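*Asks:* Right, I'll just put the structure down here and ask away after.
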Amino acid sequence: MAGKARVHELAKELGVDSKTVLAKLKDLGEFVKSASSTVEAPVVRKLKEAFPADGAPTSPGRATSRPGPPGGGARPTPPSRPGLAPRPGPRPVPGRPGPLGRPGPATPAPSPSPASPPLPASPVQASPVQASPVQASPTSAPAAPRPAAASAVPAPPMPSVPSAPSGPRPGPNAPRPGAPQGGGRPRPGTPVPPSGPTAGGPTAGGPTAGGPTAGGPRPGPRPGPRSAAPGNNPYTTPSAGPRPSAGPRPSAGQSGPPSTPTPRPSAPRSGTPRPGTPRPGGPRPGGTGAGGPRPTPGGMPPRPGGPRSGAGGGMPPRPGGTGGPRPNANMFQPRPAGGPPGRPGGGGAPGRPGGGGAPGRPGGGGGPRPGGFAGRGGAPGRPGGGGGGGGAPGRPGGGGGGGGAPGRPAAGGRGRGGTTAGAFGPGGRGRPGRQRKSKRAKRQEWESGLEAPRMGAMVPRGNGQAIRLPRGASLADFADKIDANPGALVQVVFTQLGEMVTATQSCTDETLQLLGVTLGYEVQIVSPEDEDKELLESFDLSFGGEYGDDVELSSRPPVVTVMGHVDHGKTKLLDAIRSTDVVGGEAGGITQHIGAYQVRAKVDGDERPITFIDTPGHETFTAMRARGAQVTDIVVLVVAADDGVKPQTIEALNHAQAAGVPVVVAVNKVDKEGADPAKVRGQLTEYGLVAEEYGGDTMFVDVSARNRTNIDGLLEAIVLTADASLDLRAPTEVEAQGVAIEGRLDRGRGPVATVLVQRGTLRVGDSVVAGEAFGRVRAMLDEHGGQVVEAGPARPVQVLGFTSVPDAGDNFLVVPEDRVARQIAERRQARERNAELALSRGRPTLETILERMKEGEKTQLNLILKGDVSGSVEALEDALLKIDVGDEVGLRIIDRGVGAITETNVMLASASDAIIIGFNVRPQGKATELADREGVEVRYYSVIYQAIEDIENALKGMLKPVYEEAQLGTAEVREVFRVPRIGNVAGSLVRSGVIRRNTKARLIRDGVVVADNLTVESLKRFKDDATEVREGYECGIGLGSFNDIKIDDVIETFEQREVPRA
């Protein structure tokens, strides 16, 4: 068989069933799933080589051959000519049977011929006859002959080849009494065995030694190649094909002389004989269908009392003849047989089908049984064919006729439970119900890992191990760290922490840490700096770090950051240094951007470059001041001489001290009235800045930015401080690295970033990545708008070519190629997105579901922020999120960006009911028309604190009004009047305030409120209706349906007034 072959095809070719092939493949180390699986050509060759080496393999469920006693008879051979009827035999004579001749091998006919039409079978009833003892061999077993069966269609005799004597072998092909052999009609191409003489018995025409044989001949094997087991051939059914018989078996009531035995070797062969092949072993033991006397083990005397019930000796046949239906097998109990206990079939081996069986085991015909079919002849639990007597209770046997090998149903028979055998095995059991799995099925299921799913997977517990997780990590990330199932962690979080989280959702840091404590792990959240460091290390990159010994360092200019309180003159001082007017270009006269400039100052006759960074002094620009302090070498702290130290002054000083940079104090506005520079020196002494004239090491310089006084002294102090305390050197021949100070979206140039190079040289054409933005440097501009080809350390330039606007404060570095820059930026975007989702979602817990439902009713103000530079947008967002007007109103910024207001922003605002805040930007294109059409409100601001003030007022206006109770007046009841169709009316005297109609009232009796939430429905002054009655006047007050009014009660009226929110 070339190429791949299926298991059932190999089983058919080898003449075994599929289970045997599967077992053999497993023994050879090859795992095959089922009978329809394919195997490779090398495995097929190895399998074929293994079968001849092992001999005839034994399939599960078949009976094995056993050695028989010596001196047994021979097996009769099958006939070679079909179509001739056998001669009638004598009537059954009970007696001690001798050894039975074993049937010989089948001789196939040269060509199949159709059988003659069947003749009506007439049942022959055998009369009981006194048994005559017959001397048997010492190894024979006592047994009684079976009752005669009805004669079947006669078949021609055929000479058979005698076989050598061998031990007895139980024949699984014994015919059933009372049923026709061969299924009532000879099958085409099936030879019919003759009724020749048997060894050890009388010749033709005389009585047989073991009693009469069965009524008809057994069909022989089909000529040609041997057929596969029925369980492996999907195109054959047991009821249509020939029975895989090893040869005809003489049975009781057989007409004609017994067949001639065939000599066989006495050595037993392991395994089950295949159909159509000679069977090893000696003669079959006597009993029903025996051709000779049954051997008696140990020379035991015959059983007294004549034949036992069920032995077949002289017993009438079963009712029903040959064609009657067989009743349910479950209604019969095991019948005792003529053999010793545990040996069904008389002298057969235990568990083998044959003549009489032991109690509780399938055995021979145990007396009259209704039904025209014999019982199943096989070991319990094994599919046997027709043949040997009644089957076990509850298991109907196969049809009448020659019995097949154990495990294969006979021709014309049926599988278990009376159902036709399937393509890959015998049919089901006789009784309904669920079948039990065999050991092999359980073993294969266990080996294949087909286990039932278990509820509640185990989670490995820790012993305090540290686990590093990034911000916004999911439970799947946690499971990867501890080698657990993410679904199990979801279950743990839900059952033990009460939070509903999926395996892939981003979790908050608190949730991850609490889960770690629950499972015995120490969860460490990786900081953004460490995350970025690990990301760059994955690309063999690094930011910052120490210089190597082989790196050549060059001197660089100092980076000076000007810091201080708002309106203390920082930008004006820079204008004086640069001889420019930056303040005039700032809205509101305050700095709202961080700017970087490089100027050349003459110090001691030398022109020294100095890089200045201007930071805003407004309180909302804390992040800008912090970034300025991080990238600077020297901080110039500007303090107004007339104003002194202010909150932002202290904050700027703290930033400088945290960065560990030296500070130079510039006392500005010394020319202004009321200026007191000494006071400033004294105040800063409290914060650790001691002037040199006071014995400290901090240089104080008195300057006037307006009059440009003592500017050279300030520059000299900066240079001296840099030379004295700083080593201003950096490498120039390495990849450029630095910090993005500011970013904006230019209408004609696209994203523009102001970067400060810290090391290396930045050139046009380099691939750079800054935060989540990446690109290639298309052009570089200086502070005056001139082109720059390359920028060295401490040089601020504007870089064009980014794909998006970098955030202020992002680190930038040059990478080898654009692909690496894009991958780094994408990973940073994913990391930030996960962190934002973890913070924004806020996992719902079982305890906070109702609270969140209530929060859904809370009023919320949605905003979209657009600004000119990223630093201003960041400062505005931080300032707005700090506004707190109460829990009833929330502020949510759904989008922010740099650049003009676009139509996309308008559509997003329309869908989310948001307000657009434009900071130093205007609408683009038709955004204004679209906003008017969609009803979207757009606010424009150029000063940041104006935007903050308006948003705060809007939030306060969205608050729900708060009401308080205001007392209007009280009236004392003097008399109670009964008015028809109205009720009781209180004649009262107004003691204080005013009593008005339709106001709320309460009734007080003896200082206790009797009724509350009443309404003054009627108010009269004498007979006239009145709207209000003032103090000192009498009136009649009706409280509607409330009539429990008594004299001396007090009626108090009040109203709810709205209280303005603070």
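Glycine is treated like the rest: Cβ placed from N, Cα and C.
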*Asks:* If you check Swiss-Prot, which stretch out of 644-647, 668-671, 792-795, 1056-1059 is marked region 'G4'?
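*Replies:* Range annotated as region 'G4' by Swiss-Prot: 668-671.
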*Asks:* Counting by DSSP secondary structure, give me helix, strand and coil numbers for the region 'G1' (564-571).
*Replies:* 2 helix, 1 strand, 5 coil
*Asks:* For Val670 (GTP binding site), which residues in the same chain are close in space, meaning a Cβ under 8 Å from its Cβ, but six or more apart along the sequence?
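*Replies:* Residues satisfying the criterion: Ala641, Pro677, Asp702, Val703, Ser704, Thr709.
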*Asks:* What are the helix, strand and coil residue counts for the region 'G4' (668-671) according to DSSP?
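*Replies:* So the region 'G4' (668-671) is made up of 0 helix, 1 strand, 3 coil.
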*Asks:* Across all the protein chains here, work out how many other Cβ atoms are within 10 Å of the Cβ of Asp567 (GTP binding site).
*Replies:* 17
*Asks:* Tell me the Cβ neighbour count for Lys570 (GTP binding site), meaning other Cβ atoms within 10 Å of its Cβ, over all protein chains shown.
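*Replies:* 28, counting other Cβ atoms within 10 Å of Lys570 (GTP binding site).
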